[in-house]
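A.B. asks: Shown below is the structure under consideration.
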């Protein structure tokens, strides 16, 4: 009778899923279907114990000694090296520190300072993630450049000698659209224009090979698919051959060649550590490490295969059961990330009603319902139930209830 | 027979100490005398439970909902308001975020951008904490200014129309010397030169009243006397009347007037939130809050009174039992912070030997043994035993053992 996959079919697919066991590595609340791991990743079981240890033993017992004994001092580089392995970079090319915002600022400032007078604009995509646009606007003004935020379609044509720097988000936070990294990078290289990739919605989500794609500069987020915890530190990537030409505009003591020599004069660390600024927030950094360790353990090809299967399964269900919601994420796997977005003029109250029904998705202004597909801890039955509940909300018009009418903060 | 206070006297003072009960609010390791709370504060008992809750319940159970339900989103301002109460600032004048380094950069950049062309130099103290010097050097170059790092004695004479900005650390990280905030601030104001105070070694350590001293700009550290945990986020203070003229050079989405409107255009938040950059490292931020809460509960006059008593007691013991170590911290209480430093050409191996003897102090290059006096969890008997062990090390020449000869990293 139905023209959409049955729950039994979903359960059969879960039973056959080689990644199904991974769900037990996360502590998800009872009765919740979590489709927002692209905004804040779930808590790994191992992280709980590690954080208790970090607080109770490393800080409480070890005190200041843990900077050496627990190698806190090495954490930004150690975790950076682990992230490097996830994104196709080499050890020494990635450092875990600060936020995406601050890392973008440091990297943009470093590149612009290294190439004074070259180009007139900073090129980015209109509708890019706000922090990318805001940081770019601020630094453009500081360097007497013009911010050129144009449509995705126009980007390629805009790349030319006028451009001082390009900043692109690899997977779009709202639509899920993915740039062809190798193609755009080659175009930028052909014009000799440096290009920074924001990998916030890519890392741990889609296949990444920065070396193969010849990407030289990137930043990325720790609290989404890396499951690093709320506001986890971010990362910054500079290809080895570019590093020596760059210095951070924020010259902090942790980026000094010899931080504990305590000299008045600044000398940047020879390696990627030069992009460190202040003392890193160690508890948050250690939680990030646990998330990265878990991701390193997973078979990333299998993850991406499952992400595609979940996406297609969701699309099939949505098209038949919730046709009022318009899919805006590209259907072709190589053109998107690991989340699926749907437009509806009432996306805000729909999302609120969905949360009350035990399905945590995400709203993104002005009209997008965003559903994150995290293959490590989501199954096909989860997707089935989520759409089933959404179909009920839509069918009953439940989102029109007054309790869902007043916008509040949504993260 | 002895010309120094006896252990019995120390114990008697502990028994009469109105703050003695506070020690039980901290989890200190057995057998360790911790004289490095000025570098990394001890773990409050309450923080353990709070962090377990933050990880297990707020993150693990609440997931993305905790940004609203646990008011993560309000944490930087909420904690800022609490810190404001500790430093004589008003609610809305302080924000908890990033590191001291990044906050210094943001504040220096904001002030210089607001007063273009005024002054030629950035004035600071030579031998200031390295990150202050490094950030100042970097931003001076970016703004075509000269960094003038002069001796403490010369500072006052240097303040004049040539100075674009002054950056001073209120209590010196190494010597413990304290500037007269009101006097220097008045001098800067008389010349119309903005002045940023680094309160890293002051906050929670010495009496502070920024409003009374007319201080308008400050940054400070969360992981020292505030007991906020390793690398805890820092804070940034701007007096209310100065805020509207300042914009952060790092224009991040969390500093936007409406972060979740997700607009392309940047509009700074009306309040101190404009100095936020990226998503804050929430686990580290919540640990900081627990430390700040504890400090708010304490009687700060009593803390400073006890700090002075501990300092004098230590000085008396050191002068008689370890005369080889030269005190370099001013004896007068109003001229110093809450740590006591001693110079010795072999301070490095002496500190290592002291750590092995169960007394954790700190070495600061090139020749300083630094002992932090944290009245919340240190008593007179602790000081007595610490000096007793140090006297033994000095008397036996134990620091000359080969195991103490090779410098390693010391934080």
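Including glycine, each Cβ sits where the backbone N, Cα and C put it.
Residues or ranges marked as pyridoxal 5'-phosphate binding site by TrEMBL: B:101, B:129, B:130, B:131, B:132, B:169, B:198, B:201, B:223, B:253, B:279. TrEMBL lists B:224 with the feature N6-(pyridoxal phosphate)lysine.
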A.B. asks: For the binding-site residues B:101, B:130, B:132, B:198, B:279, return the ones with C-beta distance to chain A below 8 angstroms, or 'none'.
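C.D. replies: Only B:101, B:130, B:279 pass the 8 Å Cβ test.
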A.B. asks: Please report the distance from the Cα of residue B:130 (pyridoxal 5'-phosphate binding site) to the Cα of residue B:224 (N6-(pyridoxal phosphate)lysine), rounded to the nearest angstrom.
C.D. replies: 17
A.B. asks: Under 8 Å between C-beta atoms and at least six apart in sequence, can you list the same-chain neighbours of residue B:101 (pyridoxal 5'-phosphate binding site), or say none if there are none?
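C.D. replies: In sequence order, B:131, B:135 meet the Cβ cut-off.
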A.B. asks: Among B:101, B:129, B:130, B:131, B:132, B:169, B:198, B:201, B:223, B:253, B:279, which the record lists as binding pyridoxal 5'-phosphate, how far apart in Å are the two most distant Cα atoms?
C.D. replies: 30
A.B. asks: If you count Cβ atoms within 10 Å of the Cβ of residue B:279 (pyridoxal 5'-phosphate binding site), leaving out that atom itself, what do you get?
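C.D. replies: For residue B:279 (pyridoxal 5'-phosphate binding site), the 10 Å Cβ neighbour count is 27.
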A.B. asks: In whole Å, how far is residue B:198 (pyridoxal 5'-phosphate binding site) from residue B:224 (N6-(pyridoxal phosphate)lysine) when you measure between their Cα atoms?
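C.D. replies: Residue B:224 (N6-(pyridoxal phosphate)lysine) to residue B:198 (pyridoxal 5'-phosphate binding site), Cα-Cα distance: 13 Å.
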A.B. asks: Please work out the number of neighbouring Cβ atoms within 10 Å of the Cβ of residue B:132 (pyridoxal 5'-phosphate binding site), leaving out its own Cβ.
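C.D. replies: If we count other Cβ atoms within 10 Å of residue B:132 (pyridoxal 5'-phosphate binding site), we arrive at 26.
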A.B. asks: Based on DSSP, name the secondary structure state of residue B:132 (pyridoxal 5'-phosphate binding site): helix, strand or coil.
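C.D. replies: Helix, per DSSP.
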A.B. asks: Sequence gap of 6 or more, Cβ distance under 8 Å: name the residues on the same chain that satisfy this around residue B:223 (pyridoxal 5'-phosphate binding site), in order along the sequence.
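C.D. replies: For residue B:223 (pyridoxal 5'-phosphate binding site), the qualifying residues are B:40, B:41, B:229, B:230, B:231, B:232, B:288.
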A.B. asks: Counting only residues 6+ apart in the same chain, whose Cβ is under 8 Å from the Cβ of residue B:198 (pyridoxal 5'-phosphate binding site)?
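C.D. replies: When sequence neighbours closer than 6 are ignored, residue B:198 (pyridoxal 5'-phosphate binding site) has B:100, B:104, B:128, B:129, B:132, B:167, B:168, B:169, B:170, B:218, B:219, B:220 within Cβ distance under 8 Å.
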A.B. asks: If H, G and I count as helix, E and B as strand, and all else as coil, what does DSSP give for residue B:198 (pyridoxal 5'-phosphate binding site)?
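C.D. replies: Its secondary structure by DSSP: strand.
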